[in-house]
Amino acid sequence: MTRWNYVSNVSVAFNPFAVVDRVISPANCTLSPSRRNRLAARRMSRVDGLRANSSQFTLGGEPFRILGGSIHYFRVPRAYWEDRLLKMKACGLNTLTTYVPWNLHEPERGVFDFEDQLDLEAYLRLAGRLGLWVILRPGPYICGEWDLGGLPSWLLRDPDMKLRTTYPSFTDAVDSFFNQVIKRVVPLQYSEGGPIIAVQVENEYGSYAKDGEYMPFIKEALLSRGVTELLLTSDNKEGLQRGGVKGGIVRLVHITKISHSKPKMVMEFWSGWFDLWGELHHVFPAEDMVAVVTEILRLDMSINLYMFHGGTNFGFMSGAFAVGMPAAKLMVTSYDYDAPLSEAGDYTTKYRLLRDVFSRYHGECGALLPRRGPTVSSYQPVVIQQHLSLWDSLHFTDKSERPVNMENLPVNNNNGQSYGYTLYETPITSEGTLNSKNNVRDRALVFVGKHFVGVLDFDTQELAVPDGKGKRTLSLLVENCGRVNYGNTLDEQRKGLVGDIEFNKRPLRDFIIRSLEMKPAFVDSLCRSGHWASMRQQPTFPAFFQGKLHVSGSPKDTFIKLPGWSKGVVFVNGKNLGRYWSIGPQQTLYVPGPWLHRGDNQVVVFEEQETDGRIQFSGGGEYGMTVDVQ
């Protein structure tokens, strides 16, 4: 793939400051008169924001080259935000780009979360305080190798939902979300004295483009809520003509169609690539990458490194890839991306070489690099002390004649189940053949009388069920392995059992359905349960396993290794680190030091099929055998 995929050729035909009556100003809050006057003076001096009226960008009326990098606040522990941004600035970059994940900020319809790890305003203010400008990419769709491209799964409860269109149920939901997010960022625009110099309208819509009215709707949704800075879109060569918006804004075009009279920018220069379970770890050799970056800068172009620091897809938030293949391939937990800063925020050869290059173009490259922060530790192995069978840990029960996909289950205040596993159980009375009819999304462990008989997925759609005595319970533990985040199948990303399952060519009926979303409250209740058994007793799989990691000094970052385990999820002090899977390529899970504390730390592992009873630790990330990105 080309590393030049998104390049901007700027054509601005409207005044981005035309809508001023809807600007939300901090001066209207409880500010003192002197503070209000200072803010007004600063706004007056910042009338001339980012402009694209000549062969160079200008900011404040002066020539400006965007040297950008992507760091997503939701993929980095909040305690490390400042460390990562300082390292970005020390590398010679002047602009931060970040997505805004709708599905984290509105996990249930009408329930919004902008606190703690999701405090977008704090992240943007921090960037400004450290001297970085911001290009904000608020969606509503973000792609980003993130579950459903950042769209909340509760949208899929509507059987007729048409995502990324002007379908009324979708636009109503977008309006509600934008009412919350845009009012938080409007006061942080350049014209208001903040760091935001540009805002992206949707993301790569030309590669989707099902509705010609959709992009104008998103543009107006931003303007009408007070966005006054330069607007831009992002598309590849094929999507350019379908993804733009009439009336101007920055349009991204292929390198061969650049106008010499307009600024040029590589909006996404991929520093590496994402990884898929069962494949190899992608790398972009440092020397090769730096040679291309050097050439881009020599051509007087602006650039944004995607990613500068990738971080981690904590929890169940990694997406899936389904371009040019019959079934989706599942993305790993790590978002290391072979970026200039590693998953744990370490400097890399790529970082040092890039810093040398950027220092020629940006005078604020610091002479001293920020300290690395807490060192990474390979703690002593943890020996598992207790186990708890899955069959003893299930609570919510729903009865249904037919299978119900997880998004339509009556849980989470009727917002459905978003992530994790769902258990479907029904009685059978004979041996026979189980056929999924390709209605398993994405992977089902099949049990008869709690005895494992096999796996159903896209590749395996039939299983033989052995004979037994009398009525037995057939159980299908179905995992949502991640929703597709890019392409034309977003409307089809419902999970669980999405249709009939046949046994001996007859559809199964009379299901008991249990939701296993593994939210923090559930994990906490597990740990307080009195049903845990000693490891002296043979565990029954699937099961939860519990151990203690003792930290004697100041907590340090570390990586968990599970070579004697098969597939599952790890929780440390109630925080979901993400999925592990023995098929690789990823071999470790990142554990941020700030999520640990002195003394005993609780480690809980949900394992599907096997364990050696030990949790090991590594001093660095291990991502498997490598392949160069093409």
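Cβ from N, Cα, C; glycine included.
All annotation found in TrEMBL is predicted automatically rather than curated by experts.
According to TrEMBL, the protein carries these features:
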- 56-360: domain 'Glycoside hydrolase 35 catalytic' (DOMAIN)
- Glu204: active site, proton donor (ACT_SITE)
- Glu268: active site, nucleophile (ACT_SITE)
- 416-516: domain 'Beta-galactosidase 1-like first all-beta' (DOMAIN)
- 542-601: domain 'Beta-galactosidase galactose-binding' (DOMAIN)
Alpha-carbon distance [the residue listed as 'active site, proton donor'; the residue listed as 'active site, nucleophile'] in Å: 11
From the DSSP assignment alone, can you count helix, strand and coil residues within the domain 'Beta-galactosidase galactose-binding' (542-601)? 3 helix, 34 strand, 23 coil
Suppose we draw a 10 Å sphere around the Cβ of the residue listed as 'active site, proton donor'. How many other Cβ atoms does it contain, all chains included? 23
Which residue counts does DSSP yield for the domain 'Beta-galactosidase 1-like first all-beta' (416-516) in the helix, strand and coil classes, in that order? 3 helix, 51 strand, 47 coil
